[in-house]
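Q: Sequence annotations record features per position, and here Swiss-Prot assigns ATP binding site to 17, 18, 19, 20, 21, 22, 23, 24. If you look up Swiss-Prot, you'll see 19, 20, 21, 22, 23, 24 marked as substrate binding site. Per Swiss-Prot, region 'Interaction with substrate tRNA' is recorded for 42-45, 166-170, 247-252, 280-287, and the stated evidence type is sequence analysis. Residues or ranges marked as site 'Interaction with substrate tRNA' in Swiss-Prot (evidence: sequence analysis): 108, 130.
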């Protein structure tokens, strides 16, 4: 798309970053100054009744800056990147029609990618093919299937661990159904986002500082009643660890503790470690992201001013 035709598109802002990097605080500050409306880009914040462990904006913050796409699913329900793209596009169109600018804030990089580039045309799951793969795994082991994937799609095999049956099974399933590799299909994008997007990523300059923040925030969540929040979910009886909601960082570890699998101290240790790993994955995504303007979360006023400098012209 030419620069001229791109300039005629409606404007949007992406504010991305790892967990515990200060995205929400900056988004709220920006809303005071720019004509923006916030859309949450977070696969955990979509769930009702999961507030403390997801660091969902509190009532005061939501009053100052309402977020769209919060609390839109029960924890028993699934929600895909395709669902997000559909919902986000509808919200963006609504915001643009009102003469304002969508500010998308969050850390679920897959959602940002799906929104920006469109979704690759992957085939739907096929229960028969999946059953055949699982049968083969039961007979030969997942290591054997991983070797098979290495021959079919070495790029995907390098990214998928042999102990990750869900992703391994999906990569093989895609090939058996379509005759094309997962790598081949994911390089084929769908419809690109029809907006002129200004992209920002916020993070502390040092990894140690981020790790420190993550640990502090996990302990803060525990002090705020995180255990009671998960106990209420645990007591429902219809939720389990195969659901995306319960696999969320922190919830999975607390679930293991409540189920008597690990001690409280082990839960805290694993919860902090899992959150650090999540942040590492988010930063890895962002380092390979094109056209992103980096902000230092330890200098919030400077970060705000940098955003205003880049997008200030669109506020008029």
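Positions of Cβ are set from backbone N, Cα and C atoms, glycine also.
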Q: Including all protein chains shown, what's the count of other C-beta atoms within 10 A of the C-beta of residue 108 (site 'Interaction with substrate tRNA')?
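A: Counting Cβ neighbours of residue 108 (site 'Interaction with substrate tRNA') within 10 Å gives 20.
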Q: Near residue 19 (ATP binding site), which residues of its chain come within a Cβ-Cβ distance under 8 Å, counting only those 6 or more away in sequence?
A: 55, 107, 214, 249, 275, 278, 279, 282
Q: Distance between residue 130 (site 'Interaction with substrate tRNA') and residue 23 (ATP binding site) at the Cα atoms, whole Å?
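A: On Cα coordinates alone, these residues lie 39 Å apart.
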Q: Using the CB centroid of 19, 20, 21, 22, 23, 24 as the substrate site centre, which other residues of the same chain sit with their CB within 8 A?
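A: For the substrate site the neighbour list reads 17, 18, 25, 55, 107, 202, 297.
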Q: When you measure from the Cβ of residue 21 (ATP binding site), how many other Cβ atoms are you left with inside 10 Å?
A: 27
Q: Taking the centroid of the Cβ atoms of 17, 18, 19, 20, 21, 22, 23, 24 (ATP site), which other same-chain residues have Cβ within 8 Å of it?
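A: Not counting the recorded site residues, we get 107, 202, 203, 297.
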Q: Filter the binding-site residues 20, 21, 22, 23, 24 down to those whose C-alpha lies within 10 angstroms of the C-alpha of residue 108 (site 'Interaction with substrate tRNA'); answer none if the list is empty.
A: none
